[in-house]
Amino acid sequence: MVKICCIGAGYVGGPTMAVIALKCPSIEVVVVDISISRITAWNSDQLPIYEPGLEQIVKQCRGKNLFFSTDVEKHVSEADIIFVSVNTPTKTQGLGAGKAADLTYWESAARMIANVSTSNKIVVEKSTVPVKTAEAIEKILAFNSKGIDYQILSNPEFLAEGTAIQDLFNPDRVLIGGRETPNGQRAIQALKHVYTHWVPEDRIITTNLWSAELSKLAANAFLAQRISSVNAMSALCEATGADVAQVSDAVGKDTRIGPKFLNASVGFGGSCFQKDILNLVYICECNGLPEVANYWKQVIKVNDYQKNRFVNRVVSSMFNTVSGKKIAILGFAFKKDTGDTRETPAIDVCKGLLGDKARLSIYDPQVTEDQIQRDLSLNKFDWDHPVHLQPMSPNTVKQVSIAWDAYEATKESHGICILTEWDEFKSLDFQRIFDNMQKPAFVFDGRNIVDAKKLRDIGFIVYSIGKPLDPWLKDMPAVA
């Protein structure tokens, strides 16, 4: 029986291994992590992450050929294929601070693999890593090999949170990069054999190691670039009276461009986009390509500009101050159908409003109060370290309260900021909400999901990103 072990029981490791176990009943899959609380959650009825369809798969396979354990060394030593899916946070100090990936956890995983292995291993990079990480890992394993053959493969994940299970069931492509040696090619075939249990062979792409590593960074950079492009256009639309939805639709009809990732919003979030672009910038700088680095930096600058622009719209619309005013925040996750808050634009928007002394009432159907308070008190990039290495008890932000539903959050508020496109926000009873708000009542739609005309008919002053401005907002500056 082939044995697979995955180091890291997070957003990538958990769902990926669950689907492999489901599709490959003849393979034993063990997910290991040093976090006892995380493994306990994976073994309970309350999984540590929310992803549609995940719970059913875990319950179906757990205890049969899918296991979750804290006995890392035992399962690593027994495995034939080891997936490494550990955190690769952005460095906060030292060389490359603010851009380079911190490979501390990757290196310690590699050293542990070398220490406990007694048989040949295929080691698979599943975390998003900088180009040439495989080379560094190879060196660590080779210098500690004790005669064992290690083959390093790059198998980047291309999951979108909220649709991760569907993406795993029916991927656009599976990318496997390896050495162009006989042993390297054999390792590629071994991993390919796992995926061919359910993925058509023509969707499995094999490349060299560096191409696979760079393809992941490039894919995320291209996607983020599209979002920043349409968000840049949204600012111009507001200035000229154009409608960004109409512009996006017209542009997206061009088959060379296509319609995806052309929705203007308050900005992109998630664990990968910003981190991967910063990583790409650093790699370009290290390779003497400052013009290329500056090009990609601009994608992040526009994203930050969009979040600042949104906060400034809120403050300037409400008589240039939100001090002491209750603002309802609807949605905190970085997108719908996930509880993930990593790099969510809501953090910067909330911090911007808190900086102007607003009182915030936050509602999100999937994000816990503890997570929201933690996110609003952690320093930048702290979120990407394992939970046990984060500050134990983050300060509670006093001007923040967490509501049970949208109606409680909006009651007696001066304004509403919609920051996540949860479906339930589209069908709220806005007349009821309006009746219970302070007047004038404002709605700032950061996801363009509400019917602005209907809301204006009720009596709201509405701001939608990239849409013709409400008369109230016409003379208000977009950027302070």
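Glycine is no exception: its Cβ is also placed from the backbone N, Cα and C atoms.
Quantities reported herein were computed from a predicted structural model and do not represent experimental measurements.
Some features that TrEMBL has for this protein:
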ACT_SITE  Cys272  active site, nucleophile
BINDING   8-13, Asp33, Arg38, 86-90, 127-128, Glu161, 272-275, Arg342  NAD(+) binding site
DOMAIN    328-452  domain 'UDP-glucose/GDP-mannose dehydrogenase C-terminal'
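Highest Cβ count within 10 Å among the binding-site residues Asn87, Thr90, Gln274: Gln274. When the Cα atoms are compared, Glu161 (NAD(+) binding site) and Cys272 (active site, nucleophile) turn out to be 11 Å apart. Here the domain 'UDP-glucose/GDP-mannose dehydrogenase C-terminal' (328-452) has a mean pLDDT of 90 out of 100. Residues near Tyr11 (NAD(+) binding site) in space but far in sequence (CB under 8 A, at least 6 apart, same chain), listed by position: Ile49, Glu51, Leu159, Glu161, Ala164, Ser271, Asp340. Between the residue listed as 'active site, nucleophile' and Thr90 (NAD(+) binding site), the C-alpha separation comes to 11 Å. Taking DSSP states H, G and I as helix and E and B as strand, the domain 'UDP-glucose/GDP-mannose dehydrogenase C-terminal' (328-452) has 43 helix, 19 strand, 63 coil. Less than 8 angstroms from the CB of Asp33 (NAD(+) binding site) sit Ile7, Gly8, Ala9, Gly10, Gly13, Ile39, Phe68, Thr70, Val72, each of them six or more residues away in the same chain. Counting every protein chain shown, 25 other Cβ atoms lie within 10 Å of the Cβ of Gly8 (NAD(+) binding site).
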